[in-house]
Amino acid sequence: MNNRDGLIYLAPMEGITGYIYRNAHHKYFGGVDKYFMPFIAPAKGRPLRNRELRDVLPENNQGINVVPQLLTNSGEGFVKAAKFLKELGYNEVNINLGCPSKTVVTKYKGSGLLYDTERLDNFLYEVFAAGVMDVSIKTRIGRDSSAEFEDIIEIYKKYPISELIIHPRIQTDFYKNTPNMEVFAEGVVSYGRTDMVCYNGDINSVADYERFIGNYPDIMKVMIGRGMIADPCLAEWIKSTATGRTYDWNRFFTFHDELYRNYCESDVGRGNTMFKMKELWAYWSRLFVDMEGAERLLRRSGRREIMVSMRRQSGCWLHCADRR
């Protein structure tokens, strides 16, 4: 197996990778083997809120390999939500043990649950004892220190996790600093199930991916988040053997316009659509030659001015050899 045969996943990103984005990306760009949904936080009395339900409905995810993600520290809440998702036709659910948000962590959810290993162990026991469906985990390497990962891995080894997605940062890193690749490598060796490990963290270009695969040739699953939002073609180009790639601007703007139209026609509404689109444009602006100018434009302009500028600068998009 060569590095072009590896699996590429789109990471769940709250407020961005909902069903409207996933459908549009899947329609216009290739290379993604699995899309992970933004987390669902099961509530007391009902497994899903209305917004979360819309995101997981089968009719909103036709023809796409998608995996719902649950953010909870309650075994009972997890099992109830997982059973509901199974009734909708899902056969895998992912546990979010990576969210670094302080409002989440203080409730011992997301990466906050990693700090209390006894509580983590009890939670996972309830989850896997229920045997509702395949369960994968997306995890950080600790809350306050990477040294915590040694004990965390020992807990993971006790359970039949279908896939372990490791983001080698601690909670207090948030998305700063660099991934701790030494601890990642040690964790993979300790875990012992290399074929079940997926890497997540700072893959922003084809060169980043190839560098990772060169250093860790046995890891054939990579999850990409911000890098793929900034460059919707990234997964497709990672898997391509072609050289001298050029950006298909007609495809990009068709993708963009469909996103805008579908957001306007959804429950998001026309007013909030601008906020969602500006968040996406902030990612796309990173690939402009005049990135600072693009960011200034985003802060003070409406959709029409932004689009005029984007189309004008499209010939300067930085998809050159050194960028890849």
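Even glycines carry a Cβ here, placed using N, Cα and C.
Where the annotation comes from TrEMBL, it is an automatic prediction and has not been curated.
Feature annotations, reproduced from TrEMBL:
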type     : residues                              : note
ACT_SITE : Cys99                                 : active site, proton donor
BINDING  : Gln69, Lys138, His167, Gly225, Arg226 : FMN binding site
DOMAIN   : 10-258                                : domain 'DUS-like FMN-binding'
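Location within the structure of each feature annotated in TrEMBL.
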residue	record	DSSP class
Gln69	FMN binding site	strand
Cys99	active site, proton donor	coil
Lys138	FMN binding site	strand
His167	FMN binding site	coil
Gly225	FMN binding site	coil
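If you draw a 10 Å sphere around the CB of Gln69 (FMN binding site), it holds 21 other CB atoms from the protein chains shown. Listed in sequence order, Met13, Tyr175, Asn204, Tyr283 are the same-chain residues six or more apart from Arg226 (FMN binding site) with CB atoms under 8 A from its CB. Put simply, Cys99 (active site, proton donor) is 11 Å from Gln69 (FMN binding site) when counted between their Cα atoms.
On a Cα basis, the residue listed as 'active site, proton donor' lies 10 Å away from His167 (FMN binding site).
Separating the Cα atoms of Gly225 (FMN binding site) and the residue listed as 'active site, proton donor' is a whole-number distance of 13 Å.
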